[in-house]
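> Here you go, one structure.
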Amino acid sequence: MRIVFAGTPEFAAEHLKALLDTPHQLVAVYTQPDRPAGRGQKLMPSAVKSLALEHGLPVIQPPSLRSADAQAELAALRPDLMVVVAYGLILPQAVLDIPRLGCINSHASLLPRWRGAAPIQRAVEAGDAQSGVTVMQMEAGLDTGPMLLKVATPIAADDSGGSLHDRLAALGPKAVVEAIAGLAAGTLRGEVQDDALATYAHKLNKDEARLDWSRPAVELERQVRAFTPWPVCHSSLAGASLKVLGASLGHGSGTPGSILEASRDGLLVACGEGALRLTRLQLPGGKPLAFADLYNSRREQFAAGQVLGQ
């Protein structure tokens with residue numbers, strides 16, 4: 001089959017790698033325009049673009065697919081199928097209609113739960129027992145199309161957004177390759193999603209990563225895991241920023257945000273319900289460290305009675 005691939009981040013690049021190992025012809029790779037990154041704000045290619053160029057694949061980077069010219073360029077490729085993974089651009093119906101077999105998408109959740117931009121982190125944050133990958137036939141709605149294939153994986157008690165991402169990035173490509181084989185053979189039939197079961201995974205932002213100590217400790221512990229490695233939960237102590245990259249549930253009570261105890265086991269902080277033990281922190285200008293290492297050199301900085309987030 002003649003396949004056009006569309007994707008941008010590393011999660012998508014893993015899918016492109018899998019397609020490179022199939023007999024199908026990759027006629028073009030679509031990815032978002034290069035973006036400024038790093039301290040120098042130098043324009044950097046996406047993970048998908050870098051991989052595509054390594055393998056000599058044509059790369060197309062339109063700012064939008066809404067224009068007639070962009071759609072004509074895609075149609076000229078005569079694709080049988082378009083595979084879309086975390087592309088980041090809206091595909092209008094006119095684009096979805098161009099490939100002979102339409103467009104399929106690998107989405108990092110068990111649809112219809114967690115439609116939207118941040119399904120991996122929202123699943124961890126919500127305390128879901130499992131996550132997975134759904135390969136669906138795309139339609140104009142956001143992640144609403146018929147489901148072709150689903151693969152599930154348990155969410156462990158210590159899973160972070162990063163660890164679950166990596167696991168799904170390994171499961172997704174295999175599911176897409178299997179779905180393409182089924183479509184080519186005409187043996188795959190889509191299952192309509194039940195909209196009544198749908199939830200929406202809103203895009204992450206740095207503002208919501210600020211820890212609200214009035215919330216229950218069990219919720220904050222999940223939030224810390226979900227938001228690692230990005231956007232990283234944070235608070236403040238004595239006016240200085242404090243990034244929280246590891247935490248566990250503790251015992252104790254007090255004014256929300258107050259330090260109950262500091263030891264090599266962690267910094268115990270009172271929450272609206274229960275207490276959270278901070279086990280891995282990053283101070284301004286420093287690198288992430290186990291709290292035991294910070295305690296050895298800065299124990300006076302974490303004296304009990306101080307309040308975080310003020």
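Yeah, the Cβs are placed from backbone N, Cα and C, and that goes for glycine too.
Sharing the features that Swiss-Prot gives for it:
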- S109, L110, L111, P112: (6S)-5,6,7,8-tetrahydrofolate binding site (BINDING)
> Other than S109, L110, L111, P112, which residues of the chain come within 8 Å of the (6S)-5,6,7,8-tetrahydrofolate site, judged by Cβ distance to the Cβ centroid of those residues?
H107, R113, W114, R115, P119, G132, T134, D143, M147, K150, Q193, A198
> For L111 ((6S)-5,6,7,8-tetrahydrofolate binding site), what is the tally of other C-beta atoms lying within 10 angstroms of its C-beta?
27
> Under DSSP, is P112 ((6S)-5,6,7,8-tetrahydrofolate binding site) helix, strand or coil?
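P112 ((6S)-5,6,7,8-tetrahydrofolate binding site) sits in coil per DSSP, no helix or strand.
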> If you draw a 10 Å sphere on the Cβ of L110 ((6S)-5,6,7,8-tetrahydrofolate binding site), how many other Cβ atoms land inside?
20
